[in-house]
Amino acid sequence: MVNLGNIWQNLLASQAPLQAMTGNATTMSGLATYTLPQLPYAYNALEPYISAQIMELHHSKHHQAYVTNLNNALQAHVAAITSNDIPAQIAQQPAIKFNGGGHINHSLFWKNLAPAESPETNYSEVAPSLAAEIENTWGSFDGFKKAFSAALMGIQGSGWGWLIKESTAGTENSRRLRIVTTKDQDPVVGSGEVPVFGVDMWEHAYYLQYLNGKAAYVENIWKVINWKTAEERFQGSRENAFAELKALL
Amino acid sequence: MSTSLFRATPVARSALRAASAVKPAATFVRGKATLPDLQYDYGALEPYISSKIMELHHSKHHQTYVNGLNSALTTIAEAESKGDFTKATSVAPVLNFHGGGHLNHTLFWENLAPASREGGGNPDGALGKAIATEFGSFESFVKQMNAALAGIQGSGWAWLAKDKAANGKLALITRANQDPVTGNLVPLLGIDAWEHAYYLQYENRKAEYFEAIWNVINWKTVAKRFEA
Ligand SMILES: [Fe+2]
Ligand SMILES: [Fe+2]
């Protein structure tokens, strides 16, 4: 399997100049190549709540690594399919889930953040229908904030906290909200959930600024939640939430 | 091992001795987990692990696991005394996490030593031989351990362990989050792959941390655990 991966990496490397020339992002296998999305704001735009240094590393290094490793895993997976090698296909699945999840989660995360005091962070102004459902579910915004923060603080190890809208078969028109936590880079896909917004609880998301004080990070993240994006995702469908990812091919 | 991790007070110790003479259930005495002292200064592992990392890692992160473990044990003891087994059982994940965090870090600190003292080099004697037998060579072992560390998806640890169920054969294993090494596996050498273990110095370049840490591995401790 390792050898197979190397072969594909070599193949990819040899194709790189061609891609650069033609601007064609698809490879010989017909697979599209995922790319790192641009941030909708500058690295320092979330200061003082998230430092420019954190944002730059998080986006240009961590997210980039998920994208690179996802593309590699998908290439190896296709090679395994082409050669009818089922063990090799299975061997790629954890890497696809981990790196694909990392790519999905971070892509959603960047868009559900916005500079503090910007119009997008004005909860009651820009998220009227979501706010109504939040108050309907948790009694008040403070009740929701408390429950969500507690969920974030309860994560053991690396993971994410998400506000999701339930959307299983037969409940497509549901407006029911739920707080879920996921481990590592497990994405909120596959079980009929519309991600409304997520918070990255990996240590790399806050450590350079907050050190072991993750409660302070959890407190401050509320200042930079993009409620406009959250409202749009809440009103939309699963397909809408993930449409932006398809555009990143 | 538990004696060094759970320091009973003198009063509690005599109570423990007394307890062994009477019915254990009637005079249950609980030791409190405490933060162990490091056998070297926070700056002693420089330049491989920075002083700032060591100080936060030991005085903040490890302390949090100690506190979490003690509070989980208190909750369990209280629930037990009331016969509330639902409550006692519900603490299991927190006990595993904080108890594991305390055990893992305690073992980890002892696995490290300044490069100017016992740190670094190659293991010799029976341990060196067993590593060569099991992994081909010491270099190959380091390579395999680094690959295991790099492959951890999320937070966790990689361990060199001894398998009591297989005649003490060596095994390279990984654990998620703070899951402790238990059962037939005896932890010999653990490396913390949580981001807090390296991020302030190495940022996203974790492979550099995994390379560097071999300069401060205390093989004496590993050999002692292997031969025990
Ligand atoms: Fe992240
Ligand atoms: Fe640690």
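Just so it is clear, glycine is given a Cβ too, placed from its N, Cα and C backbone atoms.
Features of the protein shown, as given by TrEMBL:
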BINDING   A:His58, A:His106, A:Asp200, A:His204  Mn(2+) binding site
DOMAIN    A:33-114  domain 'Manganese/iron superoxide dismutase N-terminal'
DOMAIN    A:129-233  domain 'Manganese/iron superoxide dismutase C-terminal'
Worksheet, complete the sentence: Candidates A:His58, A:His106, A:His204 (binding-site residues); min other-Cβ count within 10 Å returns A:His204
Practice prompt. List, in sequence order, the residues of the same chain other than A:His58, A:His106, A:Asp200, A:His204 whose Cβ lies within 8 Å of the centroid of the Cβ atoms of the recorded Mn(2+) site.
Written response: A:His59, A:His62, A:His63, A:Phe109, A:Trp202, A:Ala205
Item to complete: Determine how many residues of the domain 'Manganese/iron superoxide dismutase N-terminal' (A:33-114) DSSP places in helix, in strand and in coil.
Response: 57 helix, 1 strand, 24 coil
Fill in: Summary of DSSP states over the domain 'Manganese/iron superoxide dismutase C-terminal' (A:129-233), given as helix, strand and coil counts
48 helix, 24 strand, 33 coil
Fill in: Local confidence of the domain 'Manganese/iron superoxide dismutase N-terminal' (A:33-114) - pLDDT mean
97
